Amino acid sequence: MSTLNVPKETMSRKDPEKFFTIVEKLGEGSYGSVYKAINISTGIVVAIKKVSVDNDLEDMEKEISFMKQCKSPYIVTYYASFRKENEVWIVMEHCGAGSVCDAMKITDKTLSEDQIAVVSRDVLQGLAYLHSVRKIHRDIKAGNILMNHKGESKLADFGVSGQLSDTMAKRQTVIGTPFWMAPEVIQEIGYDYKADIWSYGITCIEMAESKPPLFNVHPMRVIFMIPNPSRPPPKLTEPEKWSPEFNDFLAKCLTRKPELRPSAEELLKHPFITKAKSHSLLVPLIDEQDIIINEKGREVALGIEQRDEEEEDEDEDSEDSDDNRGTMVRAKPRSMQNSGGEDNDEEYDTGTMVITDNKNSYDTVVFNNDDEDSGTMKLKNTMPSNKKNFVPDYMNQFKKSDDDVTNVPLSDKYSSYSLEELKKMLAELEIEREKEVQKTLEKFSINRQALLAVIDEKKSK
């Protein structure tokens, strides 16, 4: 490929619009929106992530530094970065087929076992490279696996990635997406690259079933349930429908003790991977996705355009509202199906918690050690709403309302609504859920800090 015409310096102050023309919005990542763009002088297509400087600039610099150091065909390539007014533009390789998550969402399909094996071979190659240079991705999921039109996969979105230095053999901060997080990450007992292996095991289930295990469980309960040693490791909902090789591969990825969990290099030798077929197996899925995108446009196919309009309406409404959710970033909810997740929720010491939006309707959670940040929790995710006074039924149940409507069978209650009305009601329900999450987290953080203060005081006596 030709060389891009871009400044060599990091965080260049030159105007990026003199180098690139934005074509369309591709999606929304954990740290900002991503756009397809063309390098004006060469015609090369790239992806540009625009990140508001309201976010932590230090984190962005870490991400850029991380990407610049990575040189692998299985890792998205970094090209340049710009600082423009209140935004940072990160220019990177464009993977035309988008993420695995987007492909599933747009086509409303899951991946076959053979397709999962092909993706897994590429992902494990990428992880093997990262781990060999002492780096941890820390946010492996289908939304962070990008594909090109050949069906080749690459790891992306290093917003929460970390590097293992010689003086810090194991990370002590907890950063990742709760449904995909390894037990040792949540327990804050220190972790290494094996955490990525667990996350990829969860990602394989996500690719097979469209959602990760426990997706229907409250996020706060999830972080209590995953580390519970009495809970069996996650597995496919119907393992008998999948090959013994795939089930065994998952079991190895999802080994609870990290010291017994195989490395990426070891997993590349597993029969499930060694028997993986050609990248061309992914092409039919990509072609089907492209047909839908050509008919509707990518933003409509992903629901981005509708969400942006709803956000504008919400912003207008919020000007006159006392309920200031200025720190929250709205995301479109995905439809939820009950998978019968267990309800055991023993509590664990989870530290101070930060939830940031990853735009896949699943929150990215950051726990900090007490010595790093004992401040209040931040919640940067909620859903769009057009009805401020809407109260979902589960809230009425909490209030023990005597309203007869709570006794109406749910299927009868909602059957008369149109599809669009049901979608809006689901979005509003998600808003109430996020409000309850925030209240719970605030209470949890306050109580924990109070307990720690008393413990420290007693220790000093």
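Heads up, residue numbers simply count up from 1 along the chain you see.
Every residue, even glycine, has its Cβ placed from backbone N, Cα and C.
Within the set 229-248, 369-388, the record from Swiss-Prot flags 369-388 under the feature region 'Disordered'. Rounded to a whole number, the distance between the Cα atoms of ASP139 (active site, proton acceptor) and LEU26 (ATP binding site) is 20 Å.
Calculated from their C-alpha atoms, the gap between ASP139 (active site, proton acceptor) and GLU28 (ATP binding site) amounts to 15 Å. For the domain 'Protein kinase' (20-273), the model's average pLDDT works out to 88.
The number of other CB atoms found within 10 A of the CB of GLY32 (ATP binding site), across every protein chain shown, is 21.
Following the DSSP three-state reduction, the secondary structure of ASP139 (active site, proton acceptor) is coil.
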